[in-house]
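Engineer: Quick paste from TrEMBL:
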| type | residues | note |
| --- | --- | --- |
| SIGNAL | 1-17 | signal peptide |
| DOMAIN | 9-184 | domain 'Reelin' |
| COMPBIAS | 214-229 | compositional bias 'Low complexity' |
| REGION | 214-233 | region 'Disordered' |
| DOMAIN | 331-367 | domain 'ShKT' |
Amino acid sequence: MLESLLFLVALVPVVVAWPDGAPCVHAAFESMNPLEAVEHQGGLQLSTPPYEIAVDQKCYWRNQPIGLTLQGHNESIWFKGFVIQPFKWNNDQLGERFGQLVRLDDNGSWQQQCFRYQVSATHSHDEKKKHIKMWWKVDDEVDTVQFVATVVKHQTQFWVKSVRSRPLPPCRLNRDGFPNYQAPVPQIPPQVKQFKMETFKVFDSIGAQALEQSLPQQQQFQQPQSPASTTPHMSRIIPVADGFQRGSSGDAQVTAAPTTQATFTQQPTFQQTFRPIPARPRQRIVAQQPQSPFNRQNVFISRRRGQSNSFAAQRQNVFQQPQPAFGGGQCADRDPQGRCSQWRQFCASPSHQQYLTAFCARTCGLCRRH
């Protein structure tokens, strides 16, 4: 699985090939060189490019957009891809990028390579184009600007930073510009990193050989000679993992690793029986009603002389007053054992004071001393 994924990663540039513009990566942004991708190998052109960058004015003013057009020398010349960047110019020496490229029409054939900087424009599709127009502006009037472009006609034919406009100075310094300017002869660009190509060779040696054999013979004088490197070959940097071995060419080859089949042993299984937990008995709580502090008794009063028979025969319900709680100087509870402890919470209640003094004097601490 690992070697398959790495092989697909190595083939991605060959399949995709930047059809929707140069990517916003540091190497491609700085070099403006399609050789950063594997599929463009052998396409560098050192001849005079058949393209130009026409500017609308001879100089520029601060914060006033200037139109520039990338086009061929005639209407029969077309291109598919490009990258344009504005540089500070000083006698054909390019400095840093400055200003910003802006869009003032509805042309969707170009886009910002990196939206954060807005100093590099590229194509947005790989259809044939004959001219592309955009605008540039800056908020100061100090440096002379020159627009530099890399133009790609097709996969194996492109010019790297060889298409240049005439320099535009600030109008407050030079309003005539440089009408007799001649662009320099195309030069060999700096060598790009060959990481993708080396990776392609490691994981697809046959495809890499076919790609190298398909390159035109003119690549020998168009491409710069590779400088002596102090680092070992890429195929020797990548470690050989398990399942790989080195061939005679130094490339990694996949070998099938021996596999052992484990014997299946069935493990004993234990089945648990479900046993319901018996329900715990619920405690029943019965609230006890407090009894009346006085015992209600039926008392019959004998008839006295001078009273009517109805009064003597009448049955009355009266409360019998309790006996004093102190007899012989002793302080004791007259209620049954354990009952006074239930009345302890009412010891300070005025409504129960009389009953508790008579029957629970010791428990409530209501003993009187004579």
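Glycine is no exception: its Cβ is also placed from the backbone N, Cα and C atoms.
Would you situate these features in the structure and describe their surroundings?
Structural biologist: Note on the domain 'ShKT' (331-367): mean pLDDT across this stretch is 82.
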Engineer: Over the span of the domain 'ShKT' (331-367), count residues by DSSP class, listing helix, strand and coil in order.
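Structural biologist: Summed over the domain 'ShKT' (331-367), the classes give 21 helix, 3 strand, 13 coil.
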